[in-house]
Amino acid sequence: QSALTQPPSASGSLGQSVTISCTGTSSDVGGYNYVSWYQQHAGKAPKVIIYEVNKRPSGVPDRFSGSKSGNTASLTVSGLQAEDEADYYCSSYEGSDNFVFGTGTKVTVLGQPKANPTVTLFPPSSEELQANKATLVCLISDFYPGAVTVAWKADGSPVKAGVETTKPSKQSNNKYAASSYLSLTPEQWKSHRSYSCQVTHEGSTVEKTVAPTECS
């Protein structure tokens, strides 16, 4: 009972088609018309998109279709959309109430439209200041492609110490999100007129500023 073989990755441009193969043996894929396909977005549970080789559950668009020839089953996704970017797994019955699963294929959708980030800057909370800490949080969301650079400034001058920025992660809408944190002492926070988080994405810059005087 070894895993069914799938290509590790596949890609296609928006609107195009992509086909994923799932190769087994005459004891599983070739022997039964019980091949299913699952779609799994990052951090989410898998969802059945095809069962019994070529049947679609209600709610699954007809852009998804399945077929089988000999010991190989195939899933075709036509008219690719951004939300089709996910991992896809096949499975097949192999007798004696057993099922065997595929190795999985990561599908990348190319040519998605650029989306500029939404940036929100939060000052330290009063509770945190009372605990003798001060953290500024810069939330960056809804951007594509998934790369940004973040710079912090105090009164317009660059700040490098105490900065931590997360790696962008994919949101459920297929755009990306990241966070950047600036750790200060309450004295540092109160000794400047303003702090800024500057986010650069695809050559464009968004800057958000907070001032200690606005928050007691």
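Here the Cβ of each residue, glycine as well, is placed from N, Cα and C on the backbone.
Listed in Swiss-Prot for this protein:
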- Cys22-Cys90: disulfide bond (DISULFID)
- Cys138-Cys197: disulfide bond (DISULFID)
- 1-108: domain 'Ig-like 1' (DOMAIN)
- 117-211: domain 'Ig-like 2' (DOMAIN)
- Gln1: pyrrolidone carboxylic acid (MOD_RES)
- 1-111: region 'Variable (V) domain, involved in antigen recognition' (REGION)
- 112-216: region 'Constant (C) domain' (REGION)
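Here the features listed in Swiss-Prot are painted onto the structure.
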residue : record         : DSSP (3 states)
Cys22   : disulfide bond : strand
Cys90   : disulfide bond : strand
Cys138  : disulfide bond : strand
Cys197  : disulfide bond : strand
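For the pair formed by Cys22 (disulfide bond) and Cys138 (disulfide bond), distance between Cα atoms is given as 43 Å, rounded to the nearest Å.
When other Cβ atoms within 10 Å of the Cβ of Cys90 (disulfide bond) are tallied across all protein chains shown, the result is 29. Least packed by the Cβ count within 10 Å, out of the disulfide-bonded residues Cys22, Cys138, Cys197, is Cys138. Rounded to a whole number, the distance between the Cα atoms of Cys90 (disulfide bond) and Cys197 (disulfide bond) is 44 Å.
The separation of Cys90 (disulfide bond) from Cys138 (disulfide bond), Cα to Cα, is 40 Å. Broken down by DSSP into helix, strand and coil, the domain 'Ig-like 1' (1-108) contains 3 helix, 53 strand, 52 coil.
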